[in-house]
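Annotated features, as they stand in TrEMBL:
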- B:E46, B:M323: Mg(2+) binding site (BINDING)
- B:C65, B:C68, B:C356: Ni(2+) binding site (BINDING)
- B:C68, B:C359: Fe cation binding site (BINDING)
- B:120-283: domain 'NADH-quinone oxidoreductase subunit D' (DOMAIN)
- B:289-362: domain 'NADH-quinone oxidoreductase subunit D' (DOMAIN)
Amino acid sequence: MAFAIKFAPLTVEELPALAAAKKADGWRFVQMLCVNTEDGIDMIYSFMKDDLLENHEIKGVQKGTAIPSITGEFLEAFVFENESHDLFGVDITDIAIDFGGNFYALAQKEPMTVISPEQQAAREKAKKLAAAKAAKEKAAGEQAPKTADDAAALEAKLAGMDPVKAAKVRAAMEAKAKKEAAAKQAAVDEKVAGLDPEKAAKVKAALEAKAAREAAKKKAAEAEADEAGAAAEEEGE
Amino acid sequence: MGKATVIPFGPQHPVLPEPLHLDLVVEDETVIEAIPQIGFIHRGLEKLVETRDYNQFIYVAERICGICAFGHSMGYAETVERLMGVQIPERAEYLRVIWHELSRIHSHVLWMGLAADAFGFESLFMHCWRLRERVLDIFEKTTGGRVIFSVVQVGGVVRDIDDAQLAEMKRVLEGIKDDYRQICNAFLKDSSVKNRTVGVGCISHEDALAMSMVGPFARASNVNNDARCLGNGGYGKLADFQPVLDAQGDCYARVKVRALEVLQSIDIIEEMISKIPAGDIAVPVKGAPAAGAETANLVEQPRGECYYYARGNGSKFLERMRMRTPTSQNLAGMATALAGCDLADVNMIVLTIDPCISCTER
């Protein structure tokens, strides 16, 4: 048997027909769960037949939306429907064994809908990380071809120059790059000097590691380019 | 027929180690209807996933239940690994199966002791629990714990079992098997056991299917449902696996299925020991589950199939973790089994579904 999991969208209106069809077709009810999201409650109904586990998902159920019970087809769902009502405040109608909100003895009403500060922080951090990643990818996508084009154009220009002049231009450019790197390093040192020594040591170590990684990456790229050039030469011969 | 009366059963009752309440509607000595209720000890463990990252939550998962501790940590880890696309080393898969099957042995033998105690066979109860101690000794030697083991991590396991320990485990299990056969004979052949269990609390194959029952409770009604057949993890390496089934659907069949599953688990462990490959026991897992990524998983716990669901939110904290335990799935079946039984058999029937309320009220 090869275990397979499938997720499929579902609407509230489709739920009774789905439950009836699954029952008629010999599927078994596995579970029902809720997920509290910013857009409402997501409800997932799982059914299984042979080796296929199907999860049908109703997205963003709003407070007050009546959800029909499936206990007419699957009596065992009464546990999950009462649980969803007590923990998430989902309004499920016509449950075969309805505890009317007294299924769980809880200190707080609908506790699973409370967004804890930790959860809020995790969500915001994840959002920020996703936004930063997207911005970085976008910037890399725009900048990479430009830098490559600039470098190629400069090389072509230098190739057409008098060799002595070209060497001078290259030396001037290298000096400029070094000056810029030194200015950048000085700015970082100044920033680090204002930090707690322990934190400063950590930041320095992280920066050095980053520099080492970038150098290794550059070296590898150069080696790869050399190899590609050699291969191209061999092919040409 | 007499007048219908409602008798409350539990949540505190000598036969129940955990709080489960039943409203028993009886006429004379016959139960007409049973309405189960739980909810006395809801702990909100699923909510804790918001404040514990996916590595820390493994220690919460294994505290859901003292009997299925290993199974829950394994099920949780497998779900997170599936969510993050992590493939664990083969040796870790074998080790997980070995510990999981040992958990099944100790769970079933513990239950058999409780059942013996419930029908008044005290010496059998003591024999069962004495035997179980030897399984717990194996746990202690290989994990350092007897109840909570903390050997599973996302990406594999944290402890290896060396060849000498595996050989010792095989030797101990051989000894356990010999002693267990005598206990098994008492359960399956003794007339006093049969008097309390044969023909009691019957569930037909059709009813078991209709109630989506799981675990030994379902398999005793000839429902061929065992998540180990799905071949997840190390279970896919078994040469041949056939669930233990019985067609009678009564309390005796449920005793029989569990009794035979203990021997089956010993065979599985022996096969795993003979086949276990050398190699790493874990892979490093970095990063976090993607925002909105979701997956599900099924694990055959000693009491039956357990469903796990996880959803990521891009951080190290999961957005949602869900465990649907076998007892919540079997409550409807239990109510069906109780309808029409004698009042004196209620405790026996409730016990034979092996309810675990701490699993159910995570």
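Heads up, the Cβ atoms here are built off N, Cα and C, so glycines get one too.
Across the domain 'NADH-quinone oxidoreductase subunit D' (B:289-362), the DSSP tally of helix, strand and coil residues reads 27 helix, 22 strand, 25 coil. Applying an 8 A CB threshold to same-chain residues 6+ apart, the list for B:E46 (Mg(2+) binding site) reads B:R320, B:M321, B:R322, B:M323, B:R362. If you take the C-beta of B:C359 (Fe cation binding site) and look for same-chain residues 6 or more apart in sequence within under 8 angstroms, you find B:I64, B:C65, B:C68, B:H72, B:Q301, B:R303, B:C306, B:M323, B:T325, B:P326, B:T327. Mean model confidence for the domain 'NADH-quinone oxidoreductase subunit D' (B:289-362) is a pLDDT of 87. There are 27 other Cβ atoms within 10 Å of the Cβ belonging to B:C356 (Ni(2+) binding site). Each of B:I64, B:G66, B:I67, B:A69, B:G71, B:H72, B:S107, B:Q301, B:P302, B:R303, B:T325, B:T327, B:S358, B:C359 belongs to the same chain as B:C65, B:C68, B:C356, is absent from that list, and has a C-beta within 8 angstroms of the C-beta centroid marking the Ni(2+) site.
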